[in-house]
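Here the structure comes first, spelled out in structure tokens, and everything after it is commentary.
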């Protein structure tokens with residue numbers, strides 16, 4: 001127990017030093033006085049309570065992302081303008097094609113009074129401004145997860161500030177506990193410590209400095225302490241995710257069908273069935289080209305969408321001048337009030353058509369990772385908003401004189417000389433708009449799979465430049481089939497699809513409002529009055545739209561509900577068993593001592609080569625299937641690595657910080673290590689050959705460093721946190737950049753030592769972490785280590801260790817895949833048996849297996865499995 005005790009005491013000292021550093025930083029928080037810090041240091045200096053047992057911390061370090069988040073940096077105006085032009089082709093196709101069908105979907109029974117057009121136009125203007133501009137462009141885009149948007153990005157952002165994840169990534173041993181069993185607080189101190197806490201606790205329990213911080217801590221405590229709240233938050237995220245995926249098959253159907261419907265003007269002999277089959281043919285072509293990548297399709301059509309927006313705006317100005325410029329009175333919200341007063345229930349029901357004017361905003365938010373916030377805001381305000389609003393105003397002006405033509409208002413209001421260019425641009429813009437939602441569905445499925453919420457599917461990255469460009473063959477096929485079925489079932493009527501489309505849009509927006517409110521309270525710590533105003537305005541208005549589309553549920557609203565319910569069932573079942581399996585394995589992880597005893601047996605032989613043992617343990621431990629393997633085949637490889645692939649709730653992890661190692665056993669015959677490979681939810685998984693090469697290369701660096709600096713220093717280095725975190729919540733628990741990282745940055749000067757060990761780039765991933773602070777002490781420490789420890793014999797021994805691993809790598813690599821068959825316990829409930837033995841088994845047997853996900857060559861694969869009863 002000496003080593004764990006020393007490790008925790010070192011952590012306590014680090015916490016004190018970190019608090020002191022936070023106090024000294026310019027611009028830092030001023031809520032901590034000198035007396036507070038003195039009390040805190042005395043509290044942290046107390047002996048460790050006897051009840052604390054610190055276990056191995058590989059899983060703790062693995063859960064903390066490296067410096068690879070691609071948080072967007074300041075960009076020049078040239079790059080902003082280029083991105084603003086590019087995002088026109090990727091993001092604005094769906095929003096830009098809404099004028100094709102908004103009025104026809106709103107006035108399904110015809111226009112009773114021409115003044116109703118002013119009321120509907122007023123609703124369109126203020127709904128568009130309220131939801132699209134204010135909520136998404138100027139609020140939601142700020143709540144991005146290190147540059148990525150979408151519902152799952154908001155959920156992952158919240159999960160980094162509060163332990164809301166249902167996957168057991170966190171264990172009790174990682175929190176210092178007092179004698180009474182209460183968790184020690186790791187928040188900033190305030191005026192005074194609670195009476196008696198210095199005698200009773202290892203870490204200070206303090207009061208927060210401001211009402212906003214107290215409120216944030218209360219929200220965090222509520223999320224963490226209440227399992228029903230965490231489950232509800234997860235289910236809301238899953239529902240929104242399922243709706244986004246469903247919307248990806250409804251958007252192509254309604255956009256393309258509306259665009260193709262314009263052919264009736266020039267070809268009146270075309271029947272409705274022929275229009276439908278032409279639409280189906282275009283949809284098949286659209287989904288067929290997905291494998292070429294969204295960047296090629298999107299950027300190719302950026303000029304086309306820009307021309308489409310300019311054309312819509314120009315036609316809108318023409319209609320205003322030619323028919324009725326008086327529709328500009330709709331900017332007065334009184335006309336919307338009069339519309340409700342005049343039509344009553346019919347006006348409320350028509351909201352289901354009005355909301356189609358801001359469809360596509362979720363794709364705009366979810367595809368944020370491709371661009372930057374400033375580029376989207378610039379292109380949106382200067383390009384999309386005026387063009388779309390002019391299009392709606394122009395159609396309203398035309399319909400004031402020709403109300404009977406509301407069913408085909410867009411093409412009827414277009415001058416005949418521009419009909420064919422308008423039709424061609426409408427088709428092209430519909431394809432691009434559909435592309436944005438399809439890409440959004442691919443990204444959403446990839447996020448869900450990385451978070452353990454979706455069955456395993458093959459995710460292909462179609463662009464080397466943009467990691468967010470994804471293609472998922474299985475999902476693409478299902479979306480294509482669903483879009484074609486919906487188009488055929490609608491029978492050429494966009495009104496039916498519009499009802500289904502509206503439910504998807506408004507449900508996703510409601511969930512986004514709830515998650516944004518949590519972000520405001522927990523992460524931003526905004527003023528309570530502003531948060532309450534935001535929630536009241538958007539929750540009330542979106543609920544009104546939701547009630548409207550639900551009223552017409554039988555007219556088509558059941559379509560997305562049925563599709564989303566099936567997706568939610570799949571995701572919930574998969575995640576439920578995933579969590580149970582993780583808990584089962586975590587309870588039965590093989591201790592290192594037991595592994596050493598197992599390897600010390602005389603009947604266990606060593607075979608040449610490198611064995612990479614894949615495990616699904618989220619803590620990066622040794623799975624219970626390993627003793628089972630040794631019992632059946634009493635032999636292990638000369639170099640054996642237990643590898644756990646861990647997906648973190650961050651977009652990206654720097655490749656230089658991908659692998660974390662722990663040494664299990666080293667003897668004359670072989671080496672055994674544990675490793676966690678960390679990925680963000682947008683990082684691609686390498687093929688097995690490339691993965692093994694990078695893994696062994698980093699292992700050689702680890703062998704060098706652990707011999708040079710010792711395991712304790714490596715633990716300090718690997719425990720750094722660099723993803724965006726709450727300053728108030730994590731300031732006292734972030735481990736300081738110790739002298740190890742500083743000395744590594746300075747060690748580049750001692751090239752005579754490094755050149756004999758590894759290539760010069762071996763320290764490249766650590767050079768960014770170097771700090772000028774403490775440089776003198778670090779240099780003295782390095783010189784002392786070099787003088788006392790670095791003999792030629794030791795350097796030769798380290799080099800031989802590295803060459804041993806390299807020789808075994810040349811002898812061959814065997815990939816050992818540990819897979820567990822999960823079944824329900826014999827005496828478990830009937831529901832649990834149905835979920836585990838039938839539903840989950842069906843999903844697992846019909847999704848991609850582990851070796852296909854990791855692209856492992858069959859000739860080098862060894863599969864070993866066990867049965868888990870949960």
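Every residue, even glycine, has its Cβ placed from backbone N, Cα and C.
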State the residue range annotated as transmembrane segment by TrEMBL; the candidates are 157-185, 186-214, 418-446, 592-620.
418-446
Using TrEMBL as the reference, determine which range in 92-115, 500-523, 644-667, 668-691 is annotated transmembrane segment.
500-523
327-346, 347-366, 447-466 - the range that TrEMBL marks as transmembrane segment:
347-366
Which is it, of 57-78, 233-254, 695-716, 717-738, that TrEMBL names as transmembrane segment?
233-254
Can you tell me which of 117-138, 233-254, 299-321, 347-366 gets the most C-beta pairs within less than 8 Å of the transmembrane segment (418-446)?
299-321
Cβ under 8 Å to the transmembrane segment (233-254), counting only same-chain residues 6 or more beyond its ends: which ones?
94, 101, 150-152, 154-155, 158, 164, 166, 223, 279, 283, 286-287, 359-360, 362, 366, 430, 433-434, 437-438, 440-441, 444-445, 447-448, 453, 475, 479-480, 482-483, 486-487, 490, 494, 497-498, 500-501, 503-505, 507-508, 511-512, 514-515, 518, 559-560, 563-565, 567-568, 571-572, 575
